[in-house]
Each structure stands twice: as C-alpha cells, then as structure tokens.
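Some features that Swiss-Prot has for this protein:
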type: BINDING; residues: Glu153, His218, Glu233; note: Mn(2+) binding site
Amino acid sequence: MRKRSLTLFSDGNLFRRENTLYFENAQGRKPLAVEGIYDIYVYGHVNISSQALHFLAQKGIPVHFFNHYGHYDGSFYPRESLLSGDLIIKQAKHYLDQEKRLILAKLFVRGSALNMEKNLKRWKVADGFSGLLDELFEELESARKITEVMNVEARIRGEYYTRWDNALPEGFKIVKRTRRPPENEMNALISFLNSRLYATIVSELYNTQLAPTVSYLHEPGERRFSLALDLSEIFKPIIADRIANRLVKQGIIKREHFRGELNGVLLTKEGMKVVLKAYNEELGRSVKHPGLKKNVTKQRLIRLEAYKLIKHLVGVKDYEPLVAWF
C-alpha cells in the first residue's frame, strides 16, 4: 500500500481503540488505515489522545500542527528509528568547521538561485537576472561569514520577487515580501505554501539518519528544525512558487479565497483546501530523473536531496544542489 499524507481540516478528536485509529468530528466517526498514512497535517482544533500518539510513534508517523491562520506551529516527531551516531558526529563537525559549513551554505544559496532563474526564464521575465547572478555569485564565493552568505541570498531573492511580479496578474502582485502577517494575497499564498513545504521536508528528514536540528545556512536554534529550512531553499522556487504562480494565473485561486485578519491577509479555510489540493498533486507528479534513469515523484526528490547531503557529510561524494531540469 502506498502511504499518503493525511490532512485534518475540521475540529474533532483523534484517538485509538484497540489497534485502530479513529477521527471523530461533527459528521461522525471514521476509522483511519494507519498502515497507509505517511504523515498527518492538522489545521483544525484536534484533540489527540495519548494512546493515539503512542500508536503513531510506534508506526513512525510524524504529525504537523498549524494554527488557525495556516502558520506552522510545531510537530510531533516520533522517536527516531534510523539513528546513526557516526553521521550525527560528522554532521556536527561540518557545522563546527567554518570552512566546511560555508561550502554547504553557499551551495544551498547557489542551488536556490539557479532554480529561481529557471522559473523566471519559464515565465519569460528573466531580463538581466543571469548577469546579476554572475555578479552576486562572485560575492558569494568571496564571503567568509554566514551572515555575508545570507545577505547575498536575500538580495538574490529580492531581485527574483521584483521580476516575478512582472508575470503576475493585477491583484496578485507581491510588491514586497511580507510574512507575519502577510500584507497581501500573494504574500499570504507564498507563506502558506512555504509553511506546508517546510513540514513536508521535516517528514522526509525523519525518514533519514540526518539530525534535523543541525544546519549550515540557517543558524541551528531551539524550537525549529533548521536543516529543513536549509533544504527548503532548494525546493521553494520549484515547488511552492510554481504552484502559487499557476494558481493565480489560471484563476484557480481567487480574491474570495482570502480574508483580512491580524492587520494582514490570510487564506480562508476553503482557500487552504484549494491550495493544498494543488500542492499534493504537485508533490505526486513524477519526473524522469537523469541520474537514476527512472521516474520519481517531486516529493521523492526531497528525500534524494537529503541522501546527497549524507554522502557529502560522510565523504562519499561532494554535494551538488538540485537544479531543476523540469
């Protein structure tokens, strides 16, 4: 049985009775085939029993929680079954060694930038971006501090958003990237997709031997899986941004799917459902992998990226970020 993500939008109770997981809401009680669940995303007010959490932990199923506004709150991260002390030590050493950390941080930024360039060319708004990248890549290579790397990344992203705006319809311009709260519809859409993508990457990291809290571009900190932030730089342009662009240009997402709240703009529940339908379809789409010579889903590409990072950390093969060929 192919495992799938389960999204819970309605309020209710998630509990275990004997060896069956149930979700009960105002519409009734529904048994869930736990063997077919890969991970769970909770957007409603859901009470989860300790027995249900114990059952989910046994099955290795992460649960990601989002608040009323669609912002990521946190994850139930089951005890890891793929532990490797040797890899964790190597992962930490690459963080502690400034040169090794800089190599990886720069590669994440480079990969992200090249994927942004791919998007702009696809949308026919790439004027001047390639030349700008050449200049900023020179700055990137000469950077000696992570803060300098982050500064280059921020400038690349700013130029990217400015050009992307030229491809977007009126009423869905980014104008300026704003987050908490997003100040307009496009910012709300991008933030919502990025939040879901981050949680997806956390699930993929759970299924590897990598420690999700040891990262290189983003500073490791408490209360976040910072390695997921590193990997999200690669995938935001080619997953989240492409979905956002398609939804607004094809008129699938409309102004009515947003609401004003928190001095900003947020998706309605119906809007979230529309976006997540497109998101899940996108992750399930297959592309022909040039190295593996076979079709893999876009979600699988995230896991493969983590495996490439592992090979780099253990000295098998230098990491090269995914640059979209599709």
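Just so you know, glycine gets a Cβ as well, placed from its N, Cα and C.
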Neighbour tally for His218 (Mn(2+) binding site), based on other Cβ positions within 10 Å of its Cβ: 19
Neighbour count (Cβ, 10 Å) for Glu233 (Mn(2+) binding site): 23
Nonlocal neighbours by CB distance (under 8 Å) for Glu153 (Mn(2+) binding site), same chain, sequence gap 6 or more: Val109, Ser112, Ala113, Leu217, Glu233
Chain-mates of Glu153, His218, Glu233 with C-beta within 8 Å of site centroid, Mn(2+): Ala105, Phe108, Val109, Ser112, Met150, Leu217, Leu229, Asp230, Ser232
Collapsed DSSP category at Glu233 (Mn(2+) binding site): helix
